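**Student:** There's a structure below that I have some questions on.
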Amino acid sequence: MSTEGKIDTVADFEDDAGSLVEDVHENQLWAKTRWRQQLLRWGVEERGILPVPPSQRTDRHYSKVFFVFFSANCNILSFSAGTLGPIAYGLGLRDTCFVILFFNLMTNIPPAYLATFGPRLGLRQMCQARYSFGYFGVIIMSLFNMATGMGYNILNCILGGQTLSSVSSGHLTWTVGIVIIALISLFVSFCGYRVLIWYERLMWIPVFVAYLVAAGLGGKHLINPPPAVPATAADILSFASVIAGFVISYAPISSDYTLYYTPDAPAWRVFTWTYLGLNVPVITLQCLGASFAVAASTVPAWNEGYTNGNVGGLLDAILSPVGNFGKFLTVMLALSATGNIAMTLYSFCMSFQVFIPQATYVPRYFFSVLATAIIIPLAIVGQHKFYDTLSNFLGLIGYWSSAFCAVVITEHLAIRRGAFAAYDLRCWNDSRRLPLGLAAVGACVLAVGLIVPSMDQVWFVGPIARTTGDIGFELAFVTTALCYVPLRMLELRFRELV
């Protein structure tokens, strides 16, 4: 595309996006109501999946994305995911930490890379995926993404509720704790991007202090972990699939938090801030969680608090030597779940509007309320089966997220040669001009043929996984990428590249 053509495209996109936003806001449900006008005066964000034109992409504080992901993962769920290595897979501390380090460093690359698309395109991650999956094909991915977000939120609500209950010595039930965590998260998500960013930039501080105090109090018990049974390759790879699922699932939402950056934002800075924001808290807290889980059996008070996999009870027992200050820190750890839930609720709204495009005419915050109404009862029902739910859920989401990354990244690098100018942004919502999506969906379906035999789940172990352990997410990425290129080249014969 010529320079003049690029300028025309940007100008057209600016005009189209501006008029579209105005049209949608004027025709939204409750557009003329007094309470809607009051929410706007308070600064509540309404924008859902509507593109952000270049004139509104003015943010140069690139470190914000670091704090979004750092705070979202500096929480009790990251700690609990690390405990799965020794508890669910029988790994020793050294093997657990090695898996955590290596697979986080590897699988955080796709989310960090896709975050660099936001400033250049001004589109939510699921809208960007329309340029490979098509207008209708991406609906399937949006459904998976909503299910993933809801699953994470349920787990976080359970953990937060457990921990609040532990602080109150059982006077506050898990159910009430779950409701409290969910409602705080709803408030942050309801307000929108600005409040969410502000909240994430502050919430990590007391949580970080709490973990420092916990490490200081329990450090003497962590120095000499008890000997472990030698790990098998199958156990290591199965735990690796859980670790991969924990972080690669951020890829379908990562650019939701970078699309307000200036279009000329240095890609390396956006990538680096995102990559560090994911790796630093996740690796640190997962290793810390594994360390405490291994040591819990040697400390009677910890072991009692950890009964039935109660992570909140374990943390309360660790912090109990500092009295009421320890209880305050435990409450902060419980509330740390709200940062992750609020972020996920925010992106749930975008996925819902891609799933049902007509929902664009409903204010974004309505879907935060809807999601919370679904999360609370499901978390209450599943609160006493946390570990089974966590290991099964994290293992499964890695498969589809890996295939999604393979398609979107291969489309950008192999089909569009890494050129953002190759995306015609005027077509972001045009089903007649966007790709058919058959190549993307077809590649994912073909990959299932290798994913299923490579799965190692409680309810199913494939023939390949019996020998190797769970290698489904690795094969999902490689197989999908290899199948996508020829299928996409064939698809381009029927509909030109936009």
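For all residues, glycine too, the Cβ spot is worked out from N, Cα and C.
Keep in mind that TrEMBL annotations are predicted by a computer and have not been checked by a curator.
Pulled the feature table from TrEMBL, pasting it below:
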type	residues	note
TRANSMEM	65-92	transmembrane segment
TRANSMEM	98-121	transmembrane segment
TRANSMEM	133-154	transmembrane segment
TRANSMEM	174-196	transmembrane segment
TRANSMEM	203-223	transmembrane segment
TRANSMEM	229-253	transmembrane segment
TRANSMEM	273-296	transmembrane segment
TRANSMEM	328-349	transmembrane segment
TRANSMEM	361-381	transmembrane segment
TRANSMEM	393-414	transmembrane segment
TRANSMEM	434-451	transmembrane segment
TRANSMEM	471-490	transmembrane segment
**Student:** Is it the case that the transmembrane segment (393-414) and the transmembrane segment (434-451) have 3 or more CB pairs under 8 Å, with pairs at least 6 apart in sequence?
**Tutor:** yes
**Student:** Return the stretch with the most CB pairs under 8 A relative to the transmembrane segment (133-154), choosing among 203-223, 229-253, 328-349, 361-381, 434-451.
**Tutor:** 434-451
**Student:** For the transmembrane segment (98-121) against the transmembrane segment (229-253), do we get 3 or more Cβ-Cβ pairs below 8 Å once near-sequence pairs (under 6 apart) are dropped?
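**Tutor:** Per Cβ check, the transmembrane segment (98-121) touches the transmembrane segment (229-253).
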**Student:** Can you tell me which parts of the same chain pack against the transmembrane segment (434-451), counting only residues 6+ beyond its ends and a CB-CB cutoff under 8 A?
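**Tutor:** For the transmembrane segment (434-451), the far contacts come to 130-138, 140, 399-400, 403-404, 406-407, 411, 427-428, 464, 472, 475-476, 479-481, 483-484, 487-488, 490-491, 494-495, 498.
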**Student:** Are there residues at least six beyond either end of the transmembrane segment (471-490) with Cβ under 8 Å to its Cβ atoms? List them, or say none.
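**Tutor:** Result: 107, 132, 237, 241, 244-245, 248, 398-403, 405-407, 409-411, 414-415, 435, 438-440, 442-444, 446-447, 449-452, 454-456, 462, 464-465.
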**Student:** Take a look at 65-92, 174-196, 203-223, 229-253, 273-296 and tell me which one has the most Cβ pairs under 8 Å to the transmembrane segment (328-349).
**Tutor:** 174-196
**Student:** Same chain only, please: residues at least 6 beyond the ends of the transmembrane segment (65-92) with a C-beta under 8 Å from a C-beta of the stretch. Say none if there are none.
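**Tutor:** Distant contacts of the transmembrane segment (65-92): 99-100, 115, 152, 155-156, 159-160, 163, 196-197, 199-204, 207-208, 211, 225, 227-229, 231, 235-236, 238-239, 242-243, 246, 250, 257-258, 270, 273-274, 276-278, 280-282, 285-294, 309, 311-312, 315, 333-334, 336-337, 339-340, 343, 386-387, 390-391, 394.
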**Student:** Do any residues of this chain, six or more beyond the ends of the transmembrane segment (174-196), have a C-beta under 8 angstroms from a C-beta of it, and if so which?
**Tutor:** 42-47, 68, 153, 156-158, 160-165, 260, 334-335, 337-339, 341-343, 345-346, 349, 364-365, 368-369, 372, 375-376, 379-380, 383
